[in-house]
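Each remark here refers to the structure printed beneath this line.
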Amino acid sequence: MSVAVSPLAPKSYPDMPALRGVRMATAAAGIKYKNRTDVLLMVFDKPASVAGVFTKSKCPSAPVDFCRANLGSGAARAVVVNSGNANAFTGVKGKAATELTAKSAAAAVGCSEGEIFLASTGVIGEPLDASKFAGVLGDMNVRAEADFWQEAAKAIMTTDTYPKVSTRTAEIGGVIVTINGISKGAGMIAPDMATMLSFVVTDADIEPAALQSLLSAGVGPTFNSVTVDSDTSTSDTLMLFATGAAAEDGQVKVTSADDERLSSFRAALNDLLKDLALQVVRDGEGARKMVEVTVTGAENDAAAKKIALSIANSPLVKTAVAGEDANWGRVVMAVGKSGEMADRDRLAIWFGGVRVAVNGERDPDYSEAETTAVMRLEDITVKVDIGLGQGTATVWTCDLTKEYVAINGDYRS
């Protein structure tokens with residue numbers, strides 16, 4: 001875990017309210033890190049509705065396979081997360097580790113192994129010794145608390161420099177419900193599902209199918225629109241749980257994602273997902289600047305997003321941002337290599353509110369002083385208009401610094 005907190009970290013953290021129906025505990029198992037917690041147990045007092053989206057990597061981790069197999073039941077009683085070891089590319093040993101963890105968690109909580117969900121993050125390719133923490137899950141269940149969100153977020157960190165938490169409230173049929181979420185991620189971040197690891201819990205009463213629809217729709221403009229280094233993790237897991245405790249306040253169960261009562265909840269959920277996703281980018285390994293890339297005028301929205309990601313993932317664009325150089329030529333390069341339709345002579349490019357290029361050449365009113373002032377900011381916007389259609393998209397990334405190389409060059413040591 002990095003020592004210095006990212007300069008882009010939040011200046012303050014929200015007060016995370018206790019959420020009815022869920023309790024958490026952490027433990028220090030010494031999986032990779034010393035003198036810190038590295039295991040999280042999240043317990044649902046009653047079966048919670050569950051939804052999930054996972055990595056599209058063709059080399060998924062053993063916990064991802066395990067979660068996918070259990071997701072169809074629609075019910076969760078516990079989640080076990082460890083940091084320091086991804087339990088990915090670990091063969092039969094990896095599967096055995098998930099089975100031991102699930103068996104131990106089920107015994108600790110008093111449920112079936114089909115109601116257990118697992119996630120691991122850390123080094124890929126090294127066997128996970130689940131016996132280091134499987135034996136303490138019973139004790140963790142006993143001491144689990146409802147008001148433990150910050151500590152839960154800390155336990156799942158790897159190269160993160162700060163815990164990522166967020167909370168929102170919404171209304172369903174006149175009943176106020178709460179949504180809390182935690183995330184981890186700083187490297188191996190690219191949009192192809194969700195984020196690295198993220199767990200969101202609400203006390204709303206929503207059936208699993210509706211919950212899944214809400215989550216699947218929410219990841220597109222949020223977690224699927226952020227990138228740090230274009231590398232999609234083998235372990236990406238985003239799960240949404242609904243404890244149903246709001247039924248005690250009179251909330252009538254939601255059975256369909258088309259239910260009009262979900263309007264406020266959907267907006268709050270999407271806002272929380274975006275908040276967590278942007279916190280991940282702000283903690284990008286070695287990051288010193290946050291970059292928002294917006295593409296307009298593409299053939300369609302899908303084309304706009306592909307172009308935006310081509311820009312956001314370009315090492316040359318990202319290093320130019322790190323060097324505070326408004327090098328629009330690199331943006332042009334990234335547009336051209338995206339594989340989408342573009343007309344060089346129609347392109348227009350802005351850094352912040354300063355137009356630097358138009359009609360395929362440098363803006364005749366270009367101001368070096370104005371552009372330099374923009375590039376010195378911590379939060380930078382880049383806008384590109386393709387000039388061909390109505391497609392639009394926005395993605396977020398960070399700069400690429402020497403610290404990123406140092407962090408990843410030393411990661412296994």
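Glycine is treated like the rest: Cβ placed from N, Cα and C.
According to Swiss-Prot:
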ACT_SITE  Thr195  active site, nucleophile
BINDING   Thr158, Lys184, Thr195, Glu285, Asn408, Ser413  substrate binding site
In three-state terms from DSSP, label Thr158 (substrate binding site) for me.
coil
So if I draw a 10 Å sphere around the Cβ of Asn408 (substrate binding site), how many other Cβ atoms end up inside it?
16
Taking DSSP as the reference, which of helix, strand or coil describes Asn408 (substrate binding site)?
helix
What's the number of neighbouring CB atoms sitting within 10 A of the CB on Glu285 (substrate binding site)?
27
Just checking, which of Thr158, Lys184 (binding-site residues) has the fewest C-beta atoms within 10 Å of its C-beta?
Thr158
